[in-house]
Amino acid sequence: MPRNAESTAFRSALEVIRGVEPRVADAIGAELADQRESLKLIASENYASPATLLAMGNWFSDKYAEGTVGRRFYAGCQNVDTVEALAAEHARELFGATHAYVQPHSGIDANLVAFWAILADRVEAPALRRAEARHVNDLTEADWFALRRELGDQRMLGMSLDAGGHLTHGFRPNISGKMFDQRSYGTDPATGLVDYDRVAEIAREFRPLVLVAGYSAYPRKVNFRIMREIADSVGATFMVDMAHFAGLVAGKVFTGDFDPVPHAHIVTTTTHKSLRGPRGGLVLCGPELADQVDRGCPMVLGGPLPHVMAAKAVALAEARRPDFADYARQVVDNAQALAEGLLRRGAKLVTGGTDNHLVLIDVTGYGLTGRQAEQALLDSGIVTNRNAVPQDPNGAWYTSGIRVGTPALTTRGLGTAEMDTTAELIHTVLSQTSAGANPDGTASKAKYVLDPALADKISRQAGDLLGGFPLYPDVELG
Ligand code: DSN
């Protein structure tokens with residue numbers, strides 16, 4: 001029998017789904033079993049609460065709601081208005097922001113909303129004023145042609161990918177790199193840290209319209225006050241993508257110069273990483289950009305997902321509770337304990353440690369590529385992802401790094417003692433794995449040799465470690 005309301009809710013949902021397509025119900029059950037059994041160290045993943053998950057599975061999914069609260073292009077949006085307004089209110093209160101836009105479906109979407117809000121404010125609005133037009137539809141063909149060229153001829157400065165920046169910060173494989181002429185700032189080769197003097201120098205030479213801070217694989221804090229000063233010195237709009245560390249901002253671990261909200265013109269984030277909400281995004285800004293941000297749909301977004309906005313409202317309400325600050329502090333304590341455990345055993349870490357939720361292991365110290373290390377760890381029940389390190393000799397596909405993060409395991413309840421055991425498991429696997437060879441005898445960047453008996457043993461040890469910290473303990477699927 002189900003133990004409680006959460007079990008009843010999930011079991012009933014699976015029964016209903018099983019009646020239509022049992023393979024989907026089986027896959028959902030299997031996903032929970034897999035997540036329960038794996039030592040999840042992917043820095044960008046977490047476990048949302050049952051209330052957050054349940055808020056997504058309902059009839060809000062059936063509603064179109066283009067527009068914003070109280071100003072919709074469809075009738076009958078009163079209940080969507082309720083949840084969107086609640087999500088925005090929680091976001092504003094949690095982060096101390098003037099305005100919150102909770103419609104973005106992902107981090108990429110949130111960044112696109114921000115880029116186009118900046119372009120509309122800094123490029124389109126002045127062009128309309130010059131032409132004495134109220135709306136782009138009022139422009140002559142010649143003025144419209146000139147404006148489109150001007151919109152496509154703007155500059156962005158962001159952190160380089162191999163220093164830990166994100167693809168959406170102006171890199172060519174992403175739409176942002178096709179929209180903007182991009183330059184990167186890296187990190188100091190000696191320390192691995194952001195060199196603010198160098199950022200200022202590049203900004204003076206390049207004169208970007210947008211200066212972006214934020215990262216997905218940089219294990220330290222960024223001083224957003226200094227970055228804002230750099231942006232101001234060259235007339236750039238300062239944007240922070242806090243997707244990875246939003247939970248640390250929400251939990252008041254990153255405060256003062258390290259809290260982006262008081263310093264940036266515009267802040268974007270996902271809601272599912274350290275913030276522990278549903279998969280999605282949101283944008284925060286001051287009054288100057290609010291109207292442009294609210295045009296995100298239909299500017300770059302498809303119809304809002306009201307069921308996900310409902311889940312964002314639930315998760316953001318959870319993040320406003322005092323225990324979320326304890327969680328955020330523990331995420332960082334755990335990452336530091338993991339880093340110390342790895343260092344003590346001889347691992348090489350980018351920047352020599354961490355100030356946030358992630359650790360970047362340079363696996364060249366073990367004679368491996370990131371790809372070999374990632375697979376060997378996976379064979380051993382440890383889920384991580386490979387990641388480039390600064391000036392990576394193995395490029396973005398094979399890489400030389402393994403990124404590990406603590407938000408998910410911290411949600412499960414693991415603490416610093418368990419992080420030391422985790423460091424031991426990781427170090428044992430990596431030190432016992434060797435690079436494989438291609439059929440012609442040359443070194444392979446993908447093949448590796450790891451005794452399967454050792455991989456099994458580590459998997460069992462990882463399982464034993466997790467056994468004390470059950471995932472969704474109140475959910476029994478039977
Ligand atoms: N995919 C996310 C990450 O793993 O960092 C960022 O988009």
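Just so you know, the numbers here start at 1 and follow the chain as drawn.
For all residues, glycine too, the Cβ spot is worked out from N, Cα and C.
TrEMBL has this to say about the protein:
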{"type": "BINDING", "residues": "LEU161, GLY165, HIS166, LEU167", "note": "(6S)-5,6,7,8-tetrahydrofolate binding site"}
{"type": "DOMAIN", "residues": "20-123", "note": "domain 'Serine hydroxymethyltransferase-like'"}
{"type": "DOMAIN", "residues": "154-426", "note": "domain 'Serine hydroxymethyltransferase-like'"}
{"type": "MOD_RES", "residues": "LYS273", "note": "N6-(pyridoxal phosphate)lysine"}
{"type": "SITE", "residues": "HIS272", "note": "site 'Plays an important role in substrate specificity'"}
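Long-range Cβ neighbours of LEU167 ((6S)-5,6,7,8-tetrahydrofolate binding site) (same chain, at least 6 residues apart, Cβ-Cβ under 8 Å): LEU161, PRO173, ASN174, SER176. Distance noted between the C-alpha atoms of HIS272 (site 'Plays an important role in substrate specificity') and HIS166 ((6S)-5,6,7,8-tetrahydrofolate binding site) is 16 Å. With helix defined as DSSP H, G or I and strand as E or B, the domain 'Serine hydroxymethyltransferase-like' (20-123) counts 62 helix, 9 strand, 33 coil. Its Cβ taken as reference, LYS273 (N6-(pyridoxal phosphate)lysine) is surrounded by 26 other Cβ atoms within 10 Å in the chains shown. For GLY165 ((6S)-5,6,7,8-tetrahydrofolate binding site), the number of other Cβ atoms no farther than 10 Å from its own Cβ, over all displayed protein chains, is 25. Here the C-alpha separation of GLY165 ((6S)-5,6,7,8-tetrahydrofolate binding site) and the residue listed as 'N6-(pyridoxal phosphate)lysine' works out to 16 Å. Residues within less than 8 Å, Cβ to Cβ, of HIS166 ((6S)-5,6,7,8-tetrahydrofolate binding site) and separated from it by at least 6 positions along the same chain comprise GLY107, GLY158, MET159, GLY214, TYR215, SER216, ASP241, ALA243. One way to see the shell of the (6S)-5,6,7,8-tetrahydrofolate site is to take the Cβ centroid of LEU161, GLY165, HIS166, LEU167; the remaining same-chain residues with a Cβ within 8 Å of it are GLY158, MET159, SER160, GLY164, THR168, HIS169, PHE171, TYR215, SER216. In the predicted model, the domain 'Serine hydroxymethyltransferase-like' (154-426) shows an average pLDDT of 97.
Look at LEU161 ((6S)-5,6,7,8-tetrahydrofolate binding site): DSSP puts it in a helix. The highest number of surrounding Cβ atoms within 10 Å, among the recorded positions LEU161, HIS272, is found at HIS272.
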